[in-house]
Every structure is written in structure tokens, then in C-alpha cells.
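Data first, discussion second: the structure below is written as C-alpha cells.
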Amino acid sequence: MAPNIRKSHPLIKIINNSFIDLPTPSNISSLWNFGSLLGVCLIAQIITGLFLAMHYTADTSMAFSSVAHICRDVNYGWLIRNLHANGASFFFICIYLHIGRGLYYGSFLYKETWNIGVILLFLVMATAFVGYVLPWGQMSFWGATVITNLLSAIPYIGNVLVQWIWGGFSVDNATLTRFFAFHFLLPFIIAGASILHLLFLHETGSTNPTGLNSDPDKVPFHPYFSYKDLLGFLIMLTALTLLAMFSPNLLGDPDNFTPANPLITPPHIKPEWYFLFAYAILRSIPNKLGGVLALVLSILILALMPLLHTSKQRSLMFRPFTQIMFWALVADTLILTWIGGQPVEDPYTMIGQLASVIYFSIFIIMFPLMGWVENKLLNW
């Protein structure tokens, strides 16, 4: 009998074991779709980004007008730009839902997969930040100035570090050029890290909503979940197209329609919506270094999740007390997102400080405590 090329060819065999014959738990819900949706987002962003880079000029005197040129003069340039800008928002919607799924169902106990995921989150955030600077509007310029300036809080080397990143004494042409270089390079590093993420995931296999061992009940990935993923792609790409076609500027900042001007500071400097929760945590601490540390820790705390897991059950499916804490965390993150977009004045400052304390308390105190309480209630 002739060997099956799908199972014998060195390259096709890898694809087969990852996407076709992969044994998958039969009961995973639609929340398990977001990994593949992130892959689609990344591919879409790389393709649209590549076409934008063909027409974009990374120079302070031309960047803003080159973006206008893309939207006005390039065939379907407006569509490519709108898909790219709003694609970033969909990327973050998917990534936050993906992380939420991981927290809820205990996926963080696969430590290698989880830690690469945390690194991926940092990489995606860095990519989005440097990308936001490229159109060289007011919010691009001042966002870059404010966020890079945070590094000056690092003792001893801070000021030197900031000037080194800027390539001068302020955000200028050198900064824009290097940010374009980073923005072009990072998505390919993300793609590489994503392959590692999958590699480690396939060492163990997926979790499932119950958190129990699913070895006795596996089904092949194709056709069951390949078609299920396809439906997810269709829904997301439809939503993205609708947003890009009908209200492309819904999630943007009006200040970015004004070319960058170092002499005029916008009244409210704020990042894109997907960074607002972390920005609110940064602003809630009066000390500069303290704020920067809180900002980094608000993301890095995810890496501590395996250490903070006290329950003898993996998933939250049968753990009502921790479920309440999880949804409190979701609500708190939404409150932080709202506060991050508000001016620095009462009552917003107070709400932000309270929400920041609650954010860290849920992770560090409530999750481990509730796990312990649930163990006791079950006489474990």
C-alpha cells in the first residue's frame, strides 16, 4: 500500500498533526475559537500592513500626508488602512477574550504555553503602541512622548535610556523612523512566538470546560473544529468589514486628524481603548516610578497565575465563589477602561485608585483565598 503523503511527508506531517489529525477534546466551546481567530487577525494585519508600508513614508515631514495619500489616491487604500486600524481593535478583543478563557478554565497550568502567551501579549502591545505613532497625528506624537517618557522613572539610567530610544532630545524624525522599523519587524517575531505557543500547547493538548482529563473522549480536529473555526472567521471578518466600512473612525481619536505639533499639547492625552485599563492603573499612583511598576505588573501578574492557584480543581466550572471573583475582575477591568478615558479629576481619580486596588486584590488575595475556601467546603 502506498504511504499516505499527509502522514509521511516531513513538512505536511507537521501540518497534519497540528490541524487535521490533532486529537481534540469533544466538548470545547466557542471560547476555544479565539486562538485561531488571533492567527487570522495576525495574518490580516501582516497583509494589510505590508500593502500600507508600500505607500507609507516614515519621515516627520511626510508621514501624515502619506497616510492621507493612501486614503485618497491609492486604489482601495482607504479600505486597507481602515481594515488595518480596526483590525488592531479586533486583535485585542480576541486576545482579551482568549486570556479570559484561559483564566476561567485554568489553562494557565500549562506553564510554558501560558508564559509564551504573556510574552506574546507584551509583543502585541509593543507593536500596537509603535504602530499608533506612525500616522504622526497629535495623539500619535503626544502618546509617544508620554509613554516613552515613563522610562525616565527608572533610577540612574532612566534619562539616558529615554534619549537613546528617542534618538535625540525629543520625539522626532529618528524616533518615527525606528518605530516604523520596529512596527514592521515585531509582527514576524509574534508569528514565530505563536508557533512556539502552539508547539508547547500540542505537547499537552487543549484543556476543556470541565477541567477534567479528556483523553477518553477525543475527536480529530478536522472536520469538526476546522469548520467550527471557519464559522468564527466568518463572524469576525464580517464584523471587521462592517466596522471598517461604516464607522472606521469610531474607535479612533479625533486629535489624530491634526498633524503632530510639538508646541500644542492636546487637552486629554489618552491611548487607544485597548490600553486604557493599564493607563488608568498607571495614573492612579501619584509616584512616577510606582505608576510605571503598577503598569508593568498589571500585565505581568498574569504570569503569576500558576503560583496563585490553590484549588484542587482546574476549571471554574464547578467553583461558584471563584466565578464571582472572576466576573468581578471583568467588571473592574471595564471600569478601569472607562476611567482611563476620563480626565484626571474627581471623582474619576478616586474611582481609578479604588478599581486599581481591587484589580490587584482579586489576583493576589481573592483568587487564592476562594480556591482554599472551596477546597475546605468540599472537605479536600
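FYI, residue positions are counted from 1 along the chain as it appears here.
Just so you know, glycine gets a Cβ as well, placed from its N, Cα and C.
Swiss-Prot has this to say about the protein:
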type	residues	note
TRANSMEM	34-54	transmembrane segment
TRANSMEM	78-99	transmembrane segment
BINDING	HIS84, HIS183	heme b b562 binding site
BINDING	HIS98, HIS197	heme b b566 binding site
TRANSMEM	114-134	transmembrane segment
TRANSMEM	179-199	transmembrane segment
BINDING	HIS202	ubiquinone binding site
TRANSMEM	227-247	transmembrane segment
TRANSMEM	289-309	transmembrane segment
TRANSMEM	321-341	transmembrane segment
TRANSMEM	348-368	transmembrane segment
Densest Cβ neighbourhood among HIS84, HIS202 (binding-site residues), 10 Å radius: HIS84
Paired segments the transmembrane segment (289-309) and the transmembrane segment (179-199) in contact, 3+ CB pairs under 8 A: no
Alpha-carbon distance [HIS98 (heme b b566 binding site); the residue listed as 'ubiquinone binding site'] in Å: 17
Cβ-Cβ under 8 Å with the transmembrane segment (179-199): same-chain residues at least 6 beyond its ends: 18, 38-39, 42, 45-46, 49, 53, 56, 58, 113, 116-117, 119-120, 123-124, 126-127, 130-131, 133-134, 144
Length of the line joining the Cα atoms of HIS183 (heme b b562 binding site) and HIS98 (heme b b566 binding site), in Å: 23
Tertiary contacts of the transmembrane segment (321-341) (same chain, 6+ residues out, Cβ under 8 Å): 100, 103-104, 270-271, 273, 275-281, 283, 311, 348, 351-352, 355-356, 358-359, 362-363, 366-367, 370-371, 373-374
Distal contacts, the transmembrane segment (348-368) - CB-CB under 8 A, six or more residues away: 280-281, 283-285, 294, 297-298, 301, 304-305, 308-310, 322, 325, 328-329, 332-333, 335-336, 339-340, 342
Spatial neighbours of HIS98 (heme b b566 binding site) that are distant in sequence (at least 6 apart) but have CB under 8 A: PHE34, GLY35, LEU38
